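*Asks:* Dumping the structure here so I can ask a few things about it.
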Amino acid sequence: MSKIIDVTMPSLGADMTEGTLVEWQAKPGDTLNKGDIIALLETQKGMIDMEVYQQGVITELLLEPVVSVPVGTVMARMSVAGEAARPAAPEASYPVAQAAAIKSPPVTSDQSQQTVIPQPNRPRQGLLASPVVRKLAAEQQLDLSRLSGSGPEGAILLRDLPANGPEANAAGSPDPAQAMRSAIAAAMAKSKREIPHYYLSLEIDITRAQRWLADFNAERGPEERILLLALLLKAVARSLHKYPALNGYYQQQTFTPNSAIHIGNVISLREGGLVVPAIHDVDQLSVEEIMVRLRDMSERSRRGVLRSSELLDASITVSNMGERGSDLLFGVIYPPQVAIIGIGKPRKTMLIKDDQPELAEVVTVSLAADHRVSDGMTGARFLNALANKLQKPEKL
Amino acid sequence: MTYREALSAGIEAALNADPRTFLMGEDVGRYGGCYAVSKGLLDKYGETRIIDTPLCESGFVGVGIGAALGGMRPIVEIMTVNFSLLAMDQIVNTAATLRHMSGGQFNVPVVFRMACGAGKQLAAQHSHSWENLYAHIPGLKVISPGTHTDARFMLAQALADPDPVIIFEHVMLLNESGEVAGQAEAPMEKALVRRQGQDVSLIAYGGNLHKAQAAAGQLAAEGISAEVVDLRCLRPLDKATLLASVAKTHRAVIIDEGWHSGSLAGEISAIIMEEGFWYLDAPVKRVCSAEVPIPYPAHLEQAAIPQVETIVAMAKAVMEGR
């Protein structure tokens, strides 16, 4: 005797509420054994091969890929041998949530499980969007699934975007400061939501670096003087070579290190907001060249004439508050980058060297990095390497 | 000045400017042109420069091409675009190809003028819009003056071009009065934005340009800011201008009196899909003619061709993303 059982969207973790069926790996009539792959799923944890937990024959595939459905949604039906079909006593290897999902469909518990069948032909809800909306969403890293569309079949149109609401359209031109705030909000919210940050800081003795700078700048006019930041950027760039896990992009569940070192510099605008243009190939530049780029970039940022490549291809960011800042700042990683370095304001303090107190100048450098890509030990090694580089400023 | 007078002034200026220029076609002399555009020119310029031809499109179009090859600057008038199909072999197989087939040794600097379009109750054989047939052919340039200034100055630009140029003059414009500027507004191959707008691009040319402008006026009263793009030149198309407009408004409605399927509007829509897709916030829409031979009865004729109300309704649908 055989009976028909439901194959449902499994829960692969406490935070998983829905999953995406990307592809069926089996077809009706196929006989599957326990542990065979029936489908490819995409979840927040990446692509997952979905196994079946019973031996049986697939009778029906109820969903058309690609489609996102809540955990517990019936995806397919299988014909299994009589008593063995009962899921009441799952084996130890079952994910617990899977068993729970089978027992109690999450949405409408008063309905019987068989009725929770999504319509295969229905368009993916919330995922219809006009081309310009898709383009802007990609640029501003907006999560379209969080918006509701006012177009045909719920399509998301321009007017449904936060910065393009009816008020913005009625006003003729959207307020650029507000648009920038929205863009920063979208990127930072995505970062805080998706990137598991870890934070480290290290107090770095910059007495030698400051002395070297003072000597260097002594006989130079104001236009040719070098700021500490240029030296720090060079030291960061030189240190990054050994720590590729901090320099690159995390996209589609994959980290790709960047062989070039493009450092984004956070620049505050007078009218509010930030831009983060990149200096390309910082490791290849002399400290003087870095200084020239920094001056040029902050000047152009304020005039609003940055190049798109400068705004798009930073592979790590440095945030520096300068003299009027705080002792320590922890940055929020700018996705899809995987690390941000914060530089506090330089300050004088007493350091103990060879058991003797000594007046020194220090700066606290922080690192916020993506735990999906690297661990604290990597970050700490990097910060120490940076500190070492700064002890020999003449070599930078 | 009427559109007819503007065309006539353009021809006269061309005849005055270059002794190699002459006008030939059916009824252009004694009768003054079937739409009275060349009325009075025979008396003024004589039979060697205003030449009546027999009812033989293939023949006199061929003569025009030969004259152009021989160093003259002929203006050949074909009563309506419908009759030009009789001369299509000459235009498509000879005029359009000779420069290419001679390896650039022979240009064919001939200009063909033809009336086009519906609205005068002339029934199917005198009312069609075949512009797209010619706009399809490499080797030809196809222009369509939608304003009085273009009617006045595009002929000179066409004559200055070393290759065959076809000018389409919409019959419904002939009696319209309008201002003529002192000189040409732009090179003939450039599309012009006739009205600035933010919300939707109405892309039109020739006889439908003023309908698009009227629709833009009505839309403005309802709070929709429509931009009107006048193509002016149907081959080559000024892609940059129309794509820039779509990039600004994110929406496009194309107005074309050709039939819906296989229309020039379809080509423009494809260009927007290929090169402007990521700027769109709604599907591109076309307002074209019904798929019937243009009817004779006035109400059916009007029902068959693009109208201001249709354009307004289509623009509103596009604003909703439909």
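Each residue, glycine too, has its Cβ placed from N, Cα and C.
Among the features that TrEMBL reports, domain 'Lipoyl-binding' is placed at A:4-79. Feature annotation from TrEMBL assigns region 'Disordered' to A:105-124. Residues or ranges marked as compositional bias 'Polar residues' in TrEMBL: A:106-118. Marked as domain 'Peripheral subunit-binding (PSBD)' by TrEMBL: A:128-165.
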*Asks:* Could you please provide the mean pLDDT value for the domain 'Peripheral subunit-binding (PSBD)' (A:128-165)?
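*Replies:* The answer is 81, the mean pLDDT of the model over that range.
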*Asks:* Helix, strand, coil residue numbers for the domain 'Lipoyl-binding' (A:4-79) per DSSP?
*Replies:* 0 helix, 43 strand, 33 coil
*Asks:* Could you break down the residues of the domain 'Peripheral subunit-binding (PSBD)' (A:128-165) into DSSP helix, strand and coil, giving a count for each?
*Replies:* 22 helix, 2 strand, 14 coil
